[in-house]
Structure formats: structure tokens, C-alpha cells
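S.K.: Have a look at this one.
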Amino acid sequence: MALLPILEFPDPRLRTKAVRVGVAEVVSSSFQTLLDDMFETMYAAPGIGLAATQVNVHQRFMVIDVSEEKNVPMVFINPEIVTREGDQVFQEGCLSVPGIHADVTRALSIVVRFLDRHGDEQQLTAEGLLAVCIQHEMDHLDGKLFIDYLSPLKRDMVRRKLEKQRRRAS
């Protein structure tokens with residue numbers, strides 16, 4: 001397994017809309033290795049979710065593990081939200097927008113349909129943190145970041161803060 005480089009805002013590749021994954025590709029050994037590498041990268045970061053677009057793979061899949069023990073890895077390939085209910089405000093962060101956290105309103109409960117890592121169709125009802133994480137990672141697959149939900153003024157403040165962090169790091 002290998003750690004993959006994570007793209008960081010404002011990298012324009014984060015704005016790319018991902019394409020669907022074919023079932024034949026899902027079961028290939030190279031795709032399975034990529035999934036394993038994504039989990040390793042997510043856990044090492046550390047994070048609870050990672051979309052393929054964040055590692056410069058522009059296909060519709062993501063890996064998630066919101067468990068405390070990091071022992072419930074979940075794969076979502078070609079995910080689609082079937083229903084959304086209620087609203088919740090959650091403070092989100094992102095591996096592609098390091099050091100930034102902001103309140104984002106998302107659906108409280110969702111039903112998502114997807115393929116699992118074996119190419120089998122699944123449907124899952126998710127609430128709370130898992131629902132937030134699924135919606136956040138699905139946004140990445142559409143080229144959207146959590147900071148896009150912020151006002152233009154707050155987004156500009158985030159951009160300046162990240163530029164300052166980068167200057168300090170170099």
C-alpha cells in the first residue's frame with residue numbers, strides 16, 4: 001500500500017466533476033489497490049473521509065470511516081442520494097483545506113444508493129456524522145468544497161489564511 005498526495009485548495013483539480021466508475025473496473029485488482037491506498041492515506045492524514053478527486057483521481061468514489069476505533073471502513077462507488085430529511089449544522093473540516101473549520105448546514109438524514117467495493121448495489125440510511133461525511137465527500141465528487149457554503153467574505157478570509165500558512169511552511 002502507498003500514501004497518496006492529497007490536493008489542497010486552491011488547486012483547480014479539486015473543482016473537477018468526477019465520472020462514474022464501470023462495474024468491471026470496480027473488481028479489478030488495480031482499483032482494489034487504489035481503494036486500499038485511499039484508506040491508508042485517509043487514516044494517516046488523519047481523516048474520516050476521502051474522495052477520489054482529493055487524490056487526483058476524477059472518478060465517483062470515496063472512502064469513509066467515522067468509527068472511533070477506525071475499524072468500520074466503508075466504500076461508496078457512484079453514490080447517489082435518494083432522499084434527504086431535516087437539517088443539521090455541523091462544524092466541518094477538510095483534508096484539502098487544512099486548518100480551516102466552519103459551520104455547514106446539511107441534511108440530518110439521507111438515504112444513499114451506491115456500489116460497494118465488490119460492485120454490489122447497496123442502499124444505506126445515514127444520520128448524524130455519517131450523513132454529514134457522505135454529503136461532504138459527495139460534494140468533492142461534484143467539484144464542490146465545504147467552504148463554498150460560506151459567504152464570499154468568509155471564503156476570502158479562508159483563502160488569505162491558507163496563503164499565510166503556506167508562506168510560513170516554505
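Note: Cβ is positioned from N, Cα and C throughout, glycine not excepted.
Keep in mind the model is a prediction, meaning the values are calculated, not measured.
Taken from Swiss-Prot, the feature Fe cation binding site covers C94, H136, H140, and the record attributes it to sequence analysis. The active site feature in Swiss-Prot is assigned to E137.
In terms of burial and nearby residues, how do these features look in this structure?
M.R.: C94 (Fe cation binding site) carries a strand DSSP state (E or B). Counting only same-chain residues at least 6 apart in sequence, those with a Cβ under 8 Å from the Cβ of C94 (Fe cation binding site) are I100, H136, L145, F146, I147.
DSSP classifies E137 (active site) as helix under the three-state reduction.
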S.K.: Neighbourhood of the Fe cation site (C94, H136, H140): other residues with Cβ within 8 Å of the Cβ centroid, in order?
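M.R.: For the Fe cation site the neighbour list reads G49, A51, Q54, E92, L95, S96, E137, D139, L145, F146.
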S.K.: Can you tell me how many other Cβ atoms are located within 10 Å of the Cβ belonging to E137 (active site)?
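M.R.: Around E137 (active site), other Cβ atoms within 10 Å: 23.
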S.K.: A 10 Å Cβ contact count, applied to the binding-site residues H136, H140: which residue has the minimum?
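M.R.: With the binding-site residues H136, H140, fewest surrounding Cβ atoms within 10 Å: H136.
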